[in-house]
Every structure is written in structure tokens, then in C-alpha cells.
């Protein structure tokens, strides 16, 4: 097979060279000006047309050959069916520009496995050209032009022109075997492409609170998704580590720990330390003046003040890392301070191109289509968030050479980022058709009273307290089910952590990120419905089926290579198709950046598995002795495929399942 592809490729290259040579010769003859009726020119034209025709056939053959080559990757069936129907529509209606191509999974078994719903749209296009054609007739014409393929068993036309597609059972069985033998692999969709994901971004000297939870969880999951798709992902933590607040913190540090340069100050509670310094800043005029002097010294890079700044950042960083480690978050810190030296050049570039206006001492930039201007220099000469965000986006585009930049920041910052992106386009830093820069917004976390999530005293909920409460609640739930009497201490702790952090993450990710969501430990720890608790329990049950039947990993691998997966029962067929939709789900998320789609899919997979398991015996036992009489190996393989897909889905969501719960 490889030899044939290589041979086709070589012929293709040779014919492309011949076409270039002939085209050059035709151009030369045209330029002579007196060879309009030259037989030489006519002969060359004819030869060129023949070569182009043969080249077109070769290109199509090569593409088809590559499609037929065995691959270790999971196939996106929806995408393959779109290719097939795209060819059919082009052949049936060659004169239509960009006809609609709509292929979706069927919602009910009676409508087949997939549906092509293009006929109605094509009917409208033909009507606009004053050609009246019934959509059903269009559907019939499309089906007549379907090319030979390995995916479709048969098609049916239903209603006004829906084309119901039934997949070949052998094809589905082969794809499931491929998944089991080679693991879950995607084609290298992001090969040689770089994605930057900017998320979490807490402020130094302030504790992380529930408001940071969504950005951190969504950003981590999004990073994992792009990494799995083969992208080079840079995860950035744009912490607030610069600004006037450091003046008051350093001044307070000098007063509280005068020997801080030689003895590391024991700042136990940085939040309390911040509040004390803020109180002094607001009430003591002398302290306020000294705080401003400290800012000037810090900005001029005085070594003693840089050391004080580093000490404060280190204390904060240690607290942040406790939360990141608990939630298995990976980030590279690159705060506002990183961009300070670039800001003067940013201002100069906007000035040189005539975009800067002065308003009450401020330097502002109006951006077309945006109602609020950017302030790039304050009236006191200082820079702003606008300046640092412009410096950041330029660095990411020109130095990091990112193909995609994703900012995971709450919906309240939507206008700010729209303006930053528009300014970057206006000044010529990037073309949105080439580089994708996206604000991934999200709603706020609400309490059960449907107001912003607060403590009983009305304060913002500290993230460390929230995680601690989650651990306590999950242990209570496990003990309520008497799992402490079955699991070892190590297994119990692993289950506690898996449930606590998994439920917190899943409760966030399972909602459409644009919406606010209600935080409720009771709901997220419920082991019924679309919750992490239910899915984690389902996963451990699936994993236990082989174990209880005394089927080990080696036996499963041998069976995957040698046993054909039979899909004769309707529940086997439904489960097999559901498993193979995984690449489609991932592609949709890569396109629209909505992660709840994956949560919905994993839940659908788990419930489809339950239907299968209730109807199809995987293991047959003696009812009296419990002795295993028969193991239906192809069904065990279906169990294994479900577990493999769920495990990868959990990994993308940042959830760690356990083998026993």
C-alpha cells in the first residue's frame, strides 16, 4: 500500500512539473504576438488540458488511497461522511457555489445513524436561480452520486428530503478494534501550531477566591484538550504582580520587619498583612507618602526594593501553588512585571502611527467599533492594564509566534478584550483570518440563594476553604456508604480526593460557561444524574467487570487483536456508535471552545453503557454458586472501550478516577 502511494506521489510531482513547463511555454508563445493561429500553440494547449485532467484524476486517487490506508488514529466519522456527501453534492450540482453541507448524528434509531440535511438548503439556492426542484428530488440526485466508500451500508430518503445514513457494521467493529489495539489517538490536528492559554491570573498579596475557580478550571481543561489534539500549548498565568499596591506593602514590610534584607520575614497571613497595609495607607498620610516613594524606587529597580517585592511575591506564590498542586493545574507564571520594559515602546508605536490623543493629561486610543477608548498612559505618567495587555498580546504574537491565543477571563472583561484585540488589529499586529485571538468568557459562581457566592458573613469565599469543605463532604459521603469498611486507608483517601476535586471541577465544566451557575455541594456530590460522583462510580463499576470475571489486561489485549466485536444486539450497536463519536465531540470543542459538550457526551456514554449492560450479558454465572460459566469476550471489549474513552474524557476535564471507590 505504501509503495502504491509513493508511486502515485512521484507521478503527481512529475506531472505538476510538466504542467508548469507547458504553461511557461504557452505564455512564451502568447507573448510572441504573431502566433495566434499557430498549430504549435494549439497542440500545447491540448496537451496541457489532457495533463490537467490526468493530474486531477491522480490527485483524487491519491486522496482516496490515503483515506483507505490503515490508521492508528480514531476516525471522525461525521467528518468522513461530510467528505462523501460533499463529493456527491459537487457531482450532482457542479454549478452551485458553496452548497450547504449538513451531516449530523441521528437523534432516533429509526432515522439511521447519521442524517444529511442538505437538500432543503440546495432547493432554496436553486429557487434563487429560478430553478424549481423538489427537495426530495434533490436528495435522490445526491444519493445517486454518492462515491464508493467504506462507511455507508445504505441510505434512505425520508420526509421532505432528509437522507438517513446507516453505517456498515464491519466498519464500526473495525474502528472499535483499532481503538482497543492502538489506544485513543487523534490525527495530529495541531501539528506545528502553537496555542497560548491565559488563565487563572490571581493578584499577588491577595488570596485566591471562588472567583478564580472558573478561570483556573476552564483554562486547565482547555489546555489539556489542545495538547491532546497535538498543539504546542503554552499555559500562562498573568498574575497581578506590579503596581501601586506594592508601594504600601513594601513600606509596611520595612516597618514590621526592618531586617528583611538579611532575615526572611515570617509573613504568616499575607491577606491580613495586605489589609493592615491598606488600612495604614488610607489613614496615615506620612505612610501614604512613603508608599508612593517605595513605588518609585521599585520601578527604578532599586535592589533593596526588588528584594522586598520578591519576598512578597514568593509568599503569595507558595499559597497559589498549594491550590494548583491540589487541583493538578500546570501554569507558567508571567505576570504584569514581565511586560514593564516593553510598555514605553508600545506607547511610542501607537504615537508614531498617529493613534494617540491627549485627554486631561491621559494618553488615550480610540479604536473603530469600540465605544470606550484605551488609556495607555495615566495623567500621572503611569501605565495601565490596557498598556500591559497590549504589551502582552504583542509579545505573544511576535516573540512566541502563537497561532491561537485564548484568554480565559470572566464575561465582565468582554468589552476590554474586544477593544484590546481590535487595537492590535488596527495597528497591524495580526490578521484575524490568519491568527485566532479569542476571549473565552464565563459567568459568575452563585450561592444557592442565586446571589454571588459569599460566606455567611458576606465575604468572598476563599478557594482554600472551599476545597477543604469539599474534602470533608466527600469523606462524609464515603463513610455514609460504609466505603471505609471496604477500602484500605490509601484507597479511601484517593477516593475522597477524586470525588471532592472531581465534583468541583465537573460542576463548573458541565455548565455552559457563558452562564452563571449555582454552587451546591449537595447537588455535585449526588451520585445520580449528570454529576462527577455518578460518572466516577460508573467508571469504577465498568473497570470492575473484567476484574470480577478474572480477565486481566493481557487477556483483554489478546482478545482485542483476535476477537471480532459483534454488534448484533441493538444495545451493542447503540453503544458502539456512541463510543466512536468521541473524535466528533473533541473537534466540536476545538472549534467552539465549549467544554460542557464533553461532559454531556461522557454522561450519555455512561447511560448508554448502563442500557447495554442491563440487556446484554458480559459474564454468565451460576446463580447458586456464583461461579463464572461463560465470558462473552466481545462484550468485555465493549466495556473496555467505554472505560478507555471515559478515562481520556476525565483526563481532558482534569478529573482523576480511581480503580476502587
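Heads up, residue numbers simply count up from 1 along the chain you see.
Note: Cβ is positioned from N, Cα and C throughout, glycine not excepted.
Checking Swiss-Prot for region 'Interaction with tRNA' across the ranges 530-544, 545-559, 560-574, 575-589 points to 530-544. What Swiss-Prot records for the L-arginine site is 201, 202, 203, 212, 385, 389, and among 175, 413 the residue it adds there is 413. Taken residue by residue, the motif ''HIGH' region' (202-213) breaks down under DSSP into 4 helix, 2 strand, 6 coil. The least crowded of the binding-site residues 203, 212, 389, judged by other CB atoms within 10 A of its own CB, is 203. Same-chain residues lying 6+ beyond the ends of the motif ''HIGH' region' (202-213) with a Cβ under 8 Å from its Cβ atoms: 239-241, 245-246, 249, 270-271, 273-274, 312-313, 316-317, 319-320, 323, 335, 410, 444-445, 453, 460-464, 466, 504, 508, 519. Around the Cβ of residue 201 (L-arginine binding site), the number of neighbouring Cβ atoms within 10 Å comes to 21.
Mapped onto DSSP helix, strand and coil, the region 'Interaction with tRNA' (530-544) counts 13 helix, 0 strand, 2 coil. For residue 385 (L-arginine binding site), the count of additional Cβ atoms within 10 Å of its Cβ stands at 15 [all protein chains shown]. Taking Cβ-Cβ distances under 8 Å and a sequence gap of 6 or more within the same chain, the neighbours of residue 413 (L-arginine binding site) are 439, 441. Per-residue confidence over the region 'Could be involved in the assembly of the multisynthetase complex' (1-73) averages out at a pLDDT of 63. When every Cα pair among 201, 202, 203, 212, 385, 389, 413 is compared, the largest distance found for this L-arginine site is 19 Å.
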